[in-house]
Amino acid sequence: MKSMLVVTISVWLILAPTSTWAVNTIIYNVGSTTISKYATFLDDLRNEAKDPNLKCYGIPMLPNTNSNPKYVLVELQGSNKKTITLMLRRNNLYVMGYSDPFDTSKCRYHIFNDISGTERQDVETTLCPNSNSRVSKNINYDSRYPTLESKVGVKSRSQVQLGIQILDSDIGKISGVTSFSEKTEAEFLLVAIQISEAARFKYIENQVKTNFNRAFNPNPKVLNLEETWGKISTAIHDAKNGVLPKPLELVDASGAKWIVLRVDEIKPDVALLNYVSGSCQTTYNQNAMFPQLIMSTYYNYMANLGDLFEEF
């Protein structure tokens with residue numbers, strides 16, 4: 001089934017608060033997908049989330065917190081017609097909660113406990129607009145990675161298997177199920193959150209594609225990119241003629257230090273930038289980058305040479 005964009009209209013638009021007007025839903029059929037459909041789904045999500053007027057060095061940027069709509073819904077359709085809908089903040093793609101069809105005709109919503117105030121009300125009314133069929137089953141922990149890892153019972157996300165089949169299986173363990181453990185829910189959430197991470201990073205999208213028909217564990221580069229998205233976004237935004245304001249120390253797939261000096265070194269891995277205020281360059285002269293290329297090679301050589309000597 002082709003990834004589709006569904007615009008929520010009619011009565012919803014009248015009753016919903018201003019902040020959630022015209023919330024859009026991206027639909028992804030996890031149960032019968034292909035690499036091509038997965039790529040289309042992520043493109044749809046990025047296009048829905050990005051600010052069409054903001055780019056740095058050709059990389060789209062997410063909007064600020066004042067932009068409407070404030071949220072994006074992602075409906076995941078699993079095998080056996082089971083579904084779960086994720087609610088994301090548009091300005092950073094953080095997962096705020098999710099809903100699932102429950103007890104034949106009810107909508108059950110689940111919200112992280114670090115979502116509060118107006119946002120919490122928005123999640124409830126956006127995921128389950130009909131108050132007469134709304135059922136609450138809150139997530140009794142916050143959305144931070146360390147908390148989710150603790151609930152799953154692992155020391156690191158590197159121990160959690162990812163993949164399309166894993167996501168499909170996890171949907172079946174949650175959607176419409178009366179009772180499930182915090183461990184089961186946290187396992188689902190850790191995998192589902194990778195949708196946001198893949199939307200942010202082409203590198204993570206490509207990891208999923210490479211391992212499309214099997215489960216896989218995230219490598220050190222995946223984990224590092226997830227933890228430094230804000231820092232990477234700011235560095236690219238503040239770059240002058242493609243040169244970062246200061247060396248950016250990251251980690252490659254093997255776990256070795258990766259020193260980034262130029263936008264074009266990291267650009268192939270990045271699909272969306274976190275919002276950074278102020279203007280930035282949209283293009284740069286590639287021919288002017290040769291000295292920085294030499295310097296970058298030197299930085300990485302020296303950084304990893306130092307690590308090599310530390311082992312003795």
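Residue numbers in this text run from 1 along the chain shown.
From the backbone N, Cα and C atoms, a Cβ is placed for every residue, glycine too.
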Based on the record in Swiss-Prot, give the one of CYS128, CYS280 in a disulfide bond with CYS56. CYS280
CYS107 (disulfide bond) versus recorded positions CYS56, GLU197, CYS280 - nearest by Cα: GLU197
CYS128 (disulfide bond) versus recorded positions CYS56, GLU197, CYS280 - nearest by Cα: GLU197
Between the disulfide-bonded residues CYS56, CYS128, CYS280, the one whose Cβ has the fewest other Cβ atoms within 10 Å is CYS280
Could you tell me the C-alpha distance between CYS56 (disulfide bond) and GLU197 (active site) in angstrom, no decimals? 19
Cα-Cα, CYS280 (disulfide bond) versus GLU197 (active site), nearest Å, comes out at 23
